[in-house]
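Listed in TrEMBL:
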TRANSMEM  91-116  transmembrane segment
TRANSMEM  136-160  transmembrane segment
TRANSMEM  180-205  transmembrane segment
TRANSMEM  214-233  transmembrane segment
TRANSMEM  279-301  transmembrane segment
TRANSMEM  308-325  transmembrane segment
TRANSMEM  331-351  transmembrane segment
TRANSMEM  371-390  transmembrane segment
Amino acid sequence: MLKKIIFILLGIALIYTRFINLDWGKPYPFHPDENNMVRAIEQLNCRIQLSDFKTQGLKNCLNPNFFAYGQPPLYFAYAVSKVSRSIEPRIALRLISALSSIANALILLKILAIVFKDERKKLLKLSLLIITFSPYFIQFSHFGTTESFLMLLYSLIILFSLKMVSNDRFRVSNLLLLSIISGLAIATKLSALAFIAVPIVTLLVRNYKNLRKFLFFNSLFLLLAIFFVFVFSPHNAISFKDFLGTMEYETAVGRGLTKVFYTRQFEFSIPILFQFTKIFPYTLGWPVLVMALVGFFGLSWKDIKINVLRVAFITFLLPSAFLYAKWTRFISPILPIFTLFAILLLEKMWFAIQNSKHSIRTIRYLIPNTLYLILICITLLPGIAYISVYRTPDVRVQASEWMHKNIPDGSYILSETANVVDIPVYIPNPSLKPLSYSVASFDFYGLDENPSLVPLLENHIEQADYIVIPSRRIFADHTCEWPDEGIKQKVLGIRYKVLGIRYFANVLNGYTPIRCERLQSLYPQTYEYYRKLFSKELGFEKVAEFSSYPKIELFGWKFLEFPDEKAEETWTVFDHPVIRVYKRMEKKY
């Protein structure tokens with residue numbers, strides 16, 4: 001009975017973490033990728049006239065006219081919004097993400113049940129607890145994009161691959177399921193092509209003594225997977241020219257052949273090191289990251305099931321890590337594998353403690369178990385803290401309310417362009433009287449490429465009463481200056497000037513040593529603007545800062561906080577950016 005109660009409580013926690021404030025940001029479209037998918041869904045229809053069918057065929061039937069992602073999540077969300085008119089496409093997409101995350105938790109437990117020895121399955125409750133409070137699962141459950149769905153599909157591929165190597169008898173049904181899931185994954189996002197390495201390696205391991213058999217089943221798997229790609233994303237074939245054009249553009253952006261303003265954070269980044277400093281510590285939390293690495297290298301290399309996990313990890317990490325664009329979403333499918341390695345290490349530690357041969361009972365049980373419990377608690381802290389992001393009002397709403405209360409009507413505000421929604425946002429609050437501001441959203445991305453923008457910026461600065469920095473996007477991608485009450489900072493928090501330590505600081509943050517000098521050379525106007533602003537030389541001082549860092553509060557007291565603004569920018573700028581407001585000092589410059 002107690003076991004059932006524990007599992008019920010864990011299930012409630014799992015659902016709570018995935019669904020809490022699922023309509024965050026509403027009514028504002030703060031996530032650009034989500035917006036693109038919503039627009040694609042909203043224009044889906046299949047009204048074909050006979051005359052059109054003769055010339056266009058099926059091209060106009062359920063054509064998303066958007067191919068950065070495949071059709072499966074678009075069609076699923078479209079079906080949900082049609083079945084229930086009260087569910088708009090944005091919420092339908094988020095429902096898919098949240099449900100995928102819950103399903104993924106169950107799939108990961110099945111994977112662990114296969115890898116665990118029979119007598120160790122009692123640790124599945126602890127495993128579910130760690131999976132539930134994984135920061136990346138919580139965030140991606142709240143984004144109406146493809147990450148959560150793709151993580152689920154990759155976990156399913158790993159599960160059925162493990163079944164293939166674990167069972168003495170080869171089952172064609174497992175191969176068929178792998179083909180369907182792989183086809184669905186590739187149909188969802190073309191980068192999921194890397195997923196098929198796991199089934200291929202699994203087939204090779206199982207049939208390495210019979211090359212002809214391996215080639216037959218491998219060919220069957222690939223042909224079926226290709227077939228299901230076009231079943232699930234038919235317009236990849238029907239509208240092949242549009243699909244190909246989008247893929248060429250997306251590939252060029254990902255490889256850095258086409259430079260766009262929203263990829264500048266990756267200039268001078270170091271593959272692998274960038275992911276291990278800017279992504280994994282924040283998406284996993286340091287405890288899970290460290291334990292996962294120890295588990296990856298320290299667990300048995302003779303266990304074929306653990307080696308399948310290693311193959312799944314490496315075959316996706318390497319091609320993704322060496323792309324120019326290193327967004328968190330590009331690496332997201334392997335995040336659950338990190339969690340699995342951490343759990344497997346904890347499992348090994350637990351049974352090492354239980355099987356200890358120490359004769360003193362207090363040493364054998366009390367001290368090791370206490371330390372183990374402390375380690376578990378530390379492991380859960382980042383995920384528990386991340387829930388606060390969705391429990392508190394959106395930081396852009398907080399900043400807008402403050403501006404309505406503290407910035408006088410008619411003030412001139414200098415802000416930054418390329419935000420999905422400009423600040424201040426409209427606040428439907430009867431207690432706040434409507435105010436009229438002159439907001440100039442300046443194109444800082446083009447400042448050093450278009451000389452005509454320089455005098456325009458000077459004019460804005462001269463007129464501005466306030467300056468708003470709506471996120472870290474521009475100053476962190478174009479400079480090495482970080483705001484902290486006018487103190488000059490490098491990315492690690494200190495402006496190093498001796499012994500070349502400042503170069504070492506860049507490397508520790510995933511960048512080449514010359515990054516700061518190169519940024520200053522490439523973007524001199526932008527660099528100088530932020531340097532002067534942060535040091536008050538521009539004539540402005542910071543009067544307000546709004547953040548929603550992951551935190552744990554008890555009775556109104558902030559017990560613990562995890563500042564994550566220095567993570568890869570898409571980890572924070574969509575749902576909890578840091579907003580800073582600067583006010584002109586009394587003397588105008």
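Positions of Cβ are set from backbone N, Cα and C atoms, glycine also.
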Exercise. Is the count of Cβ pairs under 8 Å between the transmembrane segment (279-301) and the transmembrane segment (331-351), pairs 6 or more apart in sequence, 3 or more?
Worked result: yes
Problem set entry | Contact between the transmembrane segment (331-351) and the transmembrane segment (214-233) (at least 3 Cβ pairs under 8 Å, separation 6+) | no
For this session: With Cβ distances under 8 Å as the criterion, find the stretch in 91-116, 180-205, 214-233 that has the most pairs with the transmembrane segment (308-325).
Result: 180-205
For this session: State the residues, same chain only, that lie 6 or more residues beyond the ends of the transmembrane segment (91-116) and have a CB under 8 A from a CB inside it; answer 'none' if no residue qualifies.
Result: 14-15, 18-19, 22-23, 34, 37-38, 41, 73, 76-78, 80-81, 123-124, 127-128, 131-132, 137, 140-145, 147-149, 151-152, 155-156, 158-159, 162-163, 166, 303, 305-306, 309, 336, 339-340, 343-344, 347
Seminar exercise, completed: Per the Cβ under 8 Å criterion, with at least 6 residues separating them from its ends, the transmembrane segment (180-205) contacts 69-73, 146, 149-150, 153-154, 156-158, 160-161, 164-165, 214, 217-218, 221-222, 224-233, 236, 247, 304, 308, 311-312, 315-316, 319-320, 330, 333
